[in-house]
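Over in TrEMBL, the protein carries these features:
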TRANSMEM  7-29  transmembrane segment
DOMAIN    12-219  domain 'Cytochrome b561'
TRANSMEM  49-69  transmembrane segment
TRANSMEM  81-102  transmembrane segment
TRANSMEM  122-143  transmembrane segment
TRANSMEM  155-175  transmembrane segment
TRANSMEM  198-219  transmembrane segment
Amino acid sequence: MAVGWFYLSVLALCSLGSMCILSTIYWIWYWQGGFAWDGTVLMFNWHPVLMVTGMVVFYSAASLVYRLPQSWVGPKLPWKFGHAAMHLLAFILTVLGLHAVFDFHSHRKIPNLYSLHSWLGITTVFLFACQWFLGFAVFLLPWASVQLRSLLKPIHVFFGASVLSLAIASVISGINEKLFSSLKNGTNSYSRLPSEAVFANCSGMLVVVFGLLVLYILLASSWKRPELGMQAERQLLLQLGPGSRPSPMTDVVGQPYEPW
């Protein structure tokens, strides 16, 4: 029942994530004129799509890799590679999104990094880069000791959730900033709540709901990879039978234990 509920939740998240991306594409295509890569405002239009896709949806998918029950058994290294590769893909999309907005600003002679949205966004990307390089150096490369990984794991998890939270805040503030700049004439102002404003606001709310569900799954203890402890030991004893004791360095399925 628990596994079935998990996969139902994953299906709901996949649907919500797809809706976040598709609604952003539709908003830009229908109301903002579409896309191009020529330094015009159509190049800027890639920015919201790439940031929602990379920093929110793909980042969330990479973060949830270790919540899959299949990752709880057997060697952990393939899941580490998958986790790092998906985050790297999210980072590449994010960098492309930043390039789109900076290149547009340079063509139009518009100052960079003056709004709260831009400060939030660049802080998020900086923390994301630090998070990825720390994870790659400590948890993927073989040099780090078990003690060091155990020490840094809570920090890595905390900043992973923090980056997602900041990404959601950046997306919401970015949608608001874009609407204020594009809906500023008297007949179609933002305060009159035209159809574009309604649609973009709903897209922003979709991102919020998606992000909150991802954060819930990341933080819920019942969805985490089982760690060493009394509960795990009792489960393993039940599997092994009376009189048996598990090795202190095995997990609930008898595989070599890795703290991360």
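Including glycine, each Cβ sits where the backbone N, Cα and C put it.
Tallying C-beta pairs under 8 angstroms between the transmembrane segment (122-143) and each of 7-29, 49-69, 81-102, 198-219 places 81-102 first. Long-range contacts of the transmembrane segment (198-219) within the same chain: residues 9, 12-13, 16-17, 19-20, 23-24, 26-27, 31, 52, 56-57, 60, 63-64, 67, 157, 160-161, 164-165, 167-168, 171-172, 175-176, 178-179, each at least 6 residues beyond the stretch ends and with a Cβ under 8 Å from a Cβ of the stretch.
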